[in-house]
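These features come from Swiss-Prot:
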- L76, G108, L127, G128, E129, L130, T131, W132: S-adenosyl-L-methionine binding site (BINDING)
Amino acid sequence: MRVSVFAVGRMKAGPERELVERYFDRFSKAGPPLGLEFAGVSEIPESRGQTAELRKAEEAQRIHEALDNGAALILLDERGKALGSEAFADRIGRMRDDGKRQLIVAIGGPDGHDPALRTRADLVLALGELTWPHQIARILIAEQLYRAATILAGHPYHRS
């Protein structure tokens, strides 16, 4: 299953970007033996629409256009369900085992995700009840994708 991360907005060079790249590099090495191929990060420009609803709709359209038929979609959203790392790994493993060829993990912009995109999502995931800056959300999902691969592989990185 090809795994991509779509993020609204750009991440500037710096230590946060380096940490994200480090975890995605680890994931790209750990994933293939498990049937998980990291396809990279796609940065979606923030909409310049006049209202939050218009901005969310435009950003959702860009994400929707990238989805293959039958692709799995995980949205990071504060209204989502908080999962532990093992449950998150299990969900990814089940998506892979169910024959999904593509998984997109989407990080929304400052206004969040459009309700229609939340309805389309296979999983709406919250990173806890706290609000996180975009850069930290990227770090967290990069680390959790790597952690999920190690859990699925039975590697000792994750200690429950």
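Note that Cβ sites are derived from N, Cα and C of the backbone, with glycine treated the same way.
Cβ neighbour count within 10 Å across all protein chains ranks L76 highest among the binding-site residues L76, L127, L130. Taking all protein chains in view, 7 other C-beta atoms sit within 10 angstroms of the C-beta of E129 (S-adenosyl-L-methionine binding site). The binding-site residues examined here are G108, G128; by Cβ neighbour count within 10 Å, the least packed of them is G128.
DSSP classifies L130 (S-adenosyl-L-methionine binding site) as coil under the three-state reduction.
Per-site Cβ counts within 10 Å over the binding-site residues T131, W132 peak at W132. Reduced to three states, the DSSP call for L76 (S-adenosyl-L-methionine binding site) is strand. The maximal spread of the S-adenosyl-L-methionine binding site, taken as the longest Cα to Cα distance among L76, G108, L127, G128, E129, L130, T131, W132, is 16 Å.
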